[in-house]
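Asks: From TrEMBL, here are the annotated features:
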- 143-457: domain 'SAM-dependent MTase RsmB/NOP-type' (DOMAIN)
- E276, D303, D323: S-adenosyl-L-methionine binding site (BINDING)
- C381: active site, nucleophile (ACT_SITE)
- 473-495: region 'Disordered' (REGION)
- 523-549: region 'Disordered' (REGION)
- 535-549: compositional bias 'Basic and acidic residues' (COMPBIAS)
Amino acid sequence: MNFYKSAALALDYLDKNQGSVKGSLAAAGIKSTPGEGKRILALIIETLKYKPILLQLLVIVPIQSLEKLTFPKKSSRGSPSSQSLILVILHDLLFSSKRKIEASDLWPPKQSILKYQTRLKAELVKIQIKSGKSRITDLAKSSSTSEAGDLIRYIRYNPNSGKSLQGLYKELERLGFNRLQEPKYPLGQKEYFLDTHLNDVLLCFHGSTNWWNDNDWYTDGGIILQDKASCMPAKVLMWDWNGGEGECIDATAAPGNKTSYVSALMNNQGKLHAFERSPNRYKTLTRMLEKAHCKNVIAQRADFLESDPQDKQYKKVTRILLDPSCSGSGIVNRLDYLLEDDVEESDSKTERLEKLASFQLQMILHALKFQSAKRIVYSTCSIHPEEDERVVTSALQSKVAKEKGWKLAPRSQVIPTWERRGREDEMAGDEELAQGVIRCLPEDRTNGFFVSCFVRDDPQGLSISAPIKAEITSTQQEQQKRKNVKRPREEIESNMEDVVEEENLMEAGQETQIDQVIKEKTSAQLERNKRKKAAQKEKQKAKKMKLEE
């Protein structure tokens with residue numbers, strides 16, 4: 001029993017963090033003998049290989065919903081999530097060499113799962129036949145490959161085009177597509193369904209689908225290719241929007257996919273100020289806005305950081321979207337990094353993340369100063385906490401946030417039905433704060449992504465109950481002069497959809513890179529780091545000598 005719980009806890013850790021399987025055991029606080037550790041590692045790795053198939057089975061046979069007493073939606077502290085526990089148990093029942101659950105017959109999870117043993121095995125055989133595999137074990141997914149059948153292509157309907165959603169359905173019917181009433185994985189080549197979280201605009205297709213090529217719906221801007229995770233920031237920003245409320249800002253607008261979605265959520269009315277600093281990307285932005293029929297967007301080739309929050313032209317701005325340059329670490333379509341040995345991050349990588357986080361925090365602090373702003377969304381396509389939760393907590397503890405009453409929006413305002421939330425351990429163990437932000441990972445069939453929302457004059461807003469020691473302090477940020485903060489030479493949003501709207505349609509899985517922000521540490525910082533490393537070595541040496549005694 002403890003064997004399965006330990007493996008499930010490690011899976012939970014991997015769901016929330018980037019790292020290796022081996023490292024996840026220690027990070028999750030799992031204590032075991034060398035023999036037990038190897039056994040747990042083997043189960044985790046094998047479960048990851050079959051995870052897509054296991055999740056597919058759980059859609060057909062929703063054990064967690066059927067056995068709510070045994071597998072509650074919310075687990076107690078220190079216990080694994082119900083889904084991870086079900087996954088590791090199902091692996092042994094269906095894919096292990098013994099094909100059985102190695103636990104007492106009196107253990108409730110075993111009893112609950114065995115009720116559905118016959119149906120699970122029958123459905124597994126159906127999946128095997130449909131996949132054309134000669135053996136059950138052939139269903140295992142290689143860690144270094146990703147089949148198109150496991151991927152989803154997302155299409156966002158654009159109401160600004162003047163075309164109707166019903167018209168899109170008719171066009172797809174003409175092309176031979178069948179609209180499903182519920183999600184299905186993998187999808188057939190001619191099947192699609194409406195996304196469960198953005199079902200008013202987002203359609204989900206098979207990973208290899210490209211029906212839009214040379215189709216008027218695409219060329220006329222009736223549909224836009226945009227990853228699901230990338231749609232979330234705009235959706236969160238415009239939560240409970242009232243057309244007469246005010247105006248909006250997209251601080252880093254190019255290439256324009258998010259901008260066009262915000263425009264659509266504003267019913268193409270009012271004013272949406274779109275900033276883009278790069279001349280080349282500004283051209284891309286204007287082409288996109290024209291194609292997407294955005295009539296309410298005021299695009300300007302300007303640096304958001306150089307805008308004046310007190311300027312009269314922004315007096316009515318109540319909502320701001322911030323999606324600044326990031327590491328792009330979320331743009332992955334494979335899980336092979338989970339199977340690698342732990343590798344200590346290089347100083348250069350750590351330094352780069354620190355610089356990016358510093359720039360990202362500066363963007364937030366600038367946005368917090370706009371006099372009428374009430375809702376600010378900060379998002380990244382990064383899975384690193386340095387750019388995500390730590391930046392958010394630093395912003396919440398900043399002087400400007402406290403003076404102006406900025407807090408974090410609760411889960412109820414941030415797509416509450418999305419299950420994967422923030423890392424509690426990166427927010428001082430504050431579960432409520434962690435629930436207020438969104439995380440996405442590739443196994444969610446999206447890019448890796450992070451979404452948070454700051455609110456003001458909202459009684460539901462969440463505050464930090466106790467000071468959190470963050471990597472970036474607000475004091476450091478206030479002391480930095482803007483002229484000393486260098487930005488990427490060409491700001492490139494790392495979101496997958498940011499590149500598909502170029503002249504030639506590029507595939508959704510392509511990675512983009514960010515030019516590194518080059519800003520050397522001061523001699524004082526280098527000296528402090530040197531002393532810190534020396535102190536750590538002395539501490540380790542003393543500990544080793546004590547053990548030898």
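Just so it is clear, glycine is given a Cβ too, placed from its N, Cα and C backbone atoms.
Since the structure is predicted, the reported quantities are computational estimates derived from the model, not experimental observations.
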Asks: Cα distance, D303 (S-adenosyl-L-methionine binding site) to the residue listed as 'active site, nucleophile', nearest Å?
Replies: 21
Asks: Just checking a number: largest C-alpha distance across E276, D303, D323 for the S-adenosyl-L-methionine site, rounded to a whole Å.
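Replies: Taking every pair among E276, D303, D323, the longest Cα gap is 14 Å.
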Asks: Restricting attention to the domain 'SAM-dependent MTase RsmB/NOP-type' (143-457), give the mean pLDDT.
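Replies: Residues in the domain 'SAM-dependent MTase RsmB/NOP-type' (143-457) carry a mean pLDDT of 91 in this prediction.
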Asks: I need the least crowded one of these binding-site residues (E276, D303, D323), counting other C-beta atoms within 10 angstroms of each C-beta.
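Replies: It is D303 that, of the binding-site residues E276, D303, D323, has the fewest other Cβ atoms within 10 Å.
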Asks: What count of other C-beta atoms do you get within 10 angstroms of the C-beta of C381 (active site, nucleophile), across all chains shown?
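Replies: There are 28 such Cβ atoms around C381 (active site, nucleophile).
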